[in-house]
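For 1-19, the entry in TrEMBL reads signal peptide. TrEMBL lists 16-330 with the feature domain 'Sulfatase N-terminal'. The Ca(2+) binding site annotation in TrEMBL covers Cys54, Asp264, Asn265. The 3-oxoalanine (Cys) annotation in TrEMBL covers Cys54. Marked as active site, nucleophile by TrEMBL: Cys54. Among the features that TrEMBL reports, active site is placed at His117.
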Amino acid sequence: PPSVLLRLLLCSFLQMGWGDLGAFGEPSKETPNLDQMASEGMLFMDFYTANPLCSPSRAALLTGRLPVRNGFYTTNGHARNAYTPQDIVGGIPDSELLLPELLKKAGYVNKIIGKWHLGHRPQFHPLKHGFDEWFGSPNCHFGPYDNKAVPNIPVYRDWEMIGRYYEDFKIDLKTGEANLTQIYLQEALDFISRQQASQQPFFLYWAIDATHAPVYASKHFLGSSQRGLYGDAIREIDDSIGKILKHLQKLGISENTFVFFTSDNGAALISAPKQGGSNGRFLCGKQTTFEGGMREPAIAWWPGHIPAGGVSHQLGNVMDLFTTSLSLAGLQPPSDRQIDGIDLLPAILQGKLIDRPIFYYRGNEMMAVRVGLYKAHYWTWSNSWEEYSKGIDFCPGQNVSGVTTHTQEEHTTLPLLFHLGRDPGEKYPLSFASEEYQGVMERISAVVQQHKETMVPGVPQLNVCDKAVMNWSPPGCEKLGKCLQPPESNPKKCFWPH
């Protein structure tokens, strides 16, 4: 590995879809900086998240482990998506080892900018889990709230809150105007400059959320996109990435900075087209284990090391960023636990293809698995008829009979099998009677059997909710006069409808 002075920059955006970048075929071609990043680096066409929802996929990225192992799932219902709203009692367990904790051993300074989402109670604070600095928020920028039934979400600098969304950090829901992306950009540029001045290796995790409903952009970008407000947010993110990469070049450290850009789940089609993006040719979106829910845009950039203009068909996963980052820092992954992420460096630097499966989990259930170009669905479900009848549609305009089912359908005896090369949209299941089906399923069944036999689930963290644990009085609220009175504690089972 290169000298310890290698810098690591992981950019993980909220629910940006595979089809949202020009480099992946978005027709308005409004992402020139990301497209240039791709032309100077490597595009991953088959890169996945570990879960079709934000919190579990971020927990997977930072631990290198499937959410069902690291506790970011629920057993309150079968195959339910769960995350970390304000009333969640759980969060990232102390027993989990996060990437920044391990990088610290190699002298790295670690910063998170943006959304943490791994629990907002004091024991889950990012600075207790390896980060040295934080500017951002523990939850999504939902609101505004009345501070009586529900408090507004705090924004933190390091250990303490410095204000709340909608009060001190304005988001205009009518126009979509907010200056947050500019603030997050400046935080990134300042951090990089400071670490360069002190010759420190750093890990910067830039987790900004402008593309998550309610979508926002700053004044300069409002109305600039053919795609409406969502496109404005994408343009601002693209511009910010361009500025960060130029900053690295200007400081003369681009050749020893590894940058990786991806997303935490597919575009939320339930919010589209005004507040959600595009998953290209793929089926459905966020919340589902169809390709649109879990296949992500992904670009690796490391001038002088990654051959320019590369396109990789390596099956990748956000969990691989854990193992790959450790490898770049000259560290081994922990040997006392199952790590699901693999080291992608042979694929990135030598163009090798590493044989590995992709598991598609929804809550406590393995819904599907991909081996090579084949994907087998062991369970299908979009959402319930009850939710669907209220207008909640995760697959608008994409009903595929027998596939995008509104009841949980089990296919464990005869999984639905798709060839994602010929049929990326999962529309044409292979015939059960075909030789192709039987040969492929023999291979996949062995992979699934081994996976299930060795699976030891973690203690589920997303089962209990309690209004008393909301962000009523975060650390630092006294100085600001922003402490609120919590209600009586009343823990309940969280309700996860889908």
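Going from the start of the chain as shown, residues are counted 1 onward.
Glycine is treated like the rest: Cβ placed from N, Cα and C.
Remember, predicted model here, so these are calculated numbers, not experimental data.
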How many other Cβ atoms are found within 10 Å of the Cβ atom of Asp264 (Ca(2+) binding site), counting all protein chains shown? 29
Roughly how many angstrom lie between the C-alpha atoms of Cys54 (Ca(2+) binding site) and His117 (active site)? 8
Given a separation of at least six residues and a C-beta threshold under 8 Å, show me what packs close to Asn265 (Ca(2+) binding site) in the same chain. Gln15, Thr49, Asn51, Pro52, Leu53, Cys54, Ser57, Lys286, Gly293, Met294, Glu296
One finds that other Cβ atoms within 10 Å of the Cβ of Cys54 (Ca(2+) binding site) number exactly 27
Can you work out the mean pLDDT of the predicted model over the domain 'Sulfatase N-terminal' (16-330)? 98
Could you tally the C-beta atoms, other than its own, that fall within 10 angstroms of the C-beta of His117 (active site)? 28
Other residues, Cβ within 8 Å of Cys54, Asp264, Asn265 Cβ centroid (Ca(2+) site): Leu14, Gln15, Thr49, Asn51, Pro52, Leu53, Ser55, Pro56, Ser57, Arg58, Ser263, Lys286
